[in-house]
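As written in Swiss-Prot, here are the features:
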- 96-183: repeat 'Solcar 2' (REPEAT)
- 1-9: topological domain 'Mitochondrial intermembrane' (TOPO_DOM)
- 31-61: topological domain 'Mitochondrial matrix' (TOPO_DOM)
- 83-101: topological domain 'Mitochondrial intermembrane' (TOPO_DOM)
- 123-150: topological domain 'Mitochondrial matrix' (TOPO_DOM)
- 173-199: topological domain 'Mitochondrial intermembrane' (TOPO_DOM)
- 221-258: topological domain 'Mitochondrial matrix' (TOPO_DOM)
- 278-285: topological domain 'Mitochondrial intermembrane' (TOPO_DOM)
- 10-30: transmembrane segment (TRANSMEM)
- 62-82: transmembrane segment (TRANSMEM)
- 102-122: transmembrane segment (TRANSMEM)
- 151-172: transmembrane segment (TRANSMEM)
- 200-220: transmembrane segment (TRANSMEM)
- 259-277: transmembrane segment (TRANSMEM)
Amino acid sequence: MSTERGLKDSIAGTVAGAACLFTGHPFDTIRVRLQTSNTPIGIMECFRNTIKYEGFSGLYKGVTSPLFGMMFETAVLFAGYGQMKVLLQKDENTPLTVGQCAIAGGFAGVGASVVLTPVELVKCRLQVQTTGPQKYKGSLDCLVQILKEGGIRGAYRGFTPTIAREFVGNMAFFSTYETCKRYFKNKENKPNDDDELNLPALIISGGLGGMAYWTVLYPVDVAKSKIQISEGAGPSPSIVKVLKEIYSKEGVKGLFRGYTPTIIRSFPANAAMFSVYELVIKLLG
């Protein structure tokens, strides 16, 4: 992959990450609160309580943490995906199979996890702060306190489930996206890889890719959220231990707590991300 193409992927990924974040963050706040609540609570009740006690801004709690982090993470993700596709491609005239796209997406997700873990850690800690005394004054204060309590290791609390989610999730994410794109290109008689799709096709492809990403390994994300809001300087509880505890208390339903707002969020957020990504790539030439 040329340096120029890599730079374009990074720039487009950065802008796409911001679009995804602002579109989906309110739903993400509800997701994290449902996942980490000590008592079962409905989506609408959680939404109403947030608006009632914290105002509309409560839905955007923790948004400053992932803003620059997610922009950087999506830049790494798309640049990594582009690089992996080049490594897997036999020659320029042979398109990648969907399976190869899945592998490229999975390994790109592993790289993005390095950026994503501390960003999501801070975001989750801030999102579960509701009314009453606030331990963290903001994103920077939260990160500083985490580093004081646990050092770099503390900042990477939840790293293992994040890698698992990002590897498997991005395999599903990019393979679904590429499958949908190829379907629409065949339907519109646009066989070449460089042929542009219309906006509705990009929205559907990106939205379905996002839904696949969250569905394929959702219980691991629930465990990740639980692990990341747990505090202390000691080692994090294992994914298996957390999943067993959730299952013993709430059954299968507990493993999918917050799934509905996640899926509702995933379609518009990822539709926005891929549409903006493709638009920026087009503008950059």
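Using N, Cα and C of the backbone, Cβ positions are placed for all residues, glycine too.
The predicted model assigns the topological domain 'Mitochondrial matrix' (221-258) a mean pLDDT of 89. Beyond its flanks by at least six residues, the transmembrane segment (200-220) meets 161, 164-165, 168-177, 180-181, 184, 188, 239, 243, 246, 255-256, 259, 262-263, 266-275, 278 of its own chain at Cβ-Cβ distances under 8 Å. Same-chain neighbours of the transmembrane segment (62-82): 1, 5-6, 9-18, 20-22, 25, 29, 104-105, 107-109, 111-112, 114-116, 118-120, 122-127, 138-139, 142-143, 170, 174, 273, 277, counting only residues six or more beyond its ends whose CB sits under 8 Å from a CB of the stretch.
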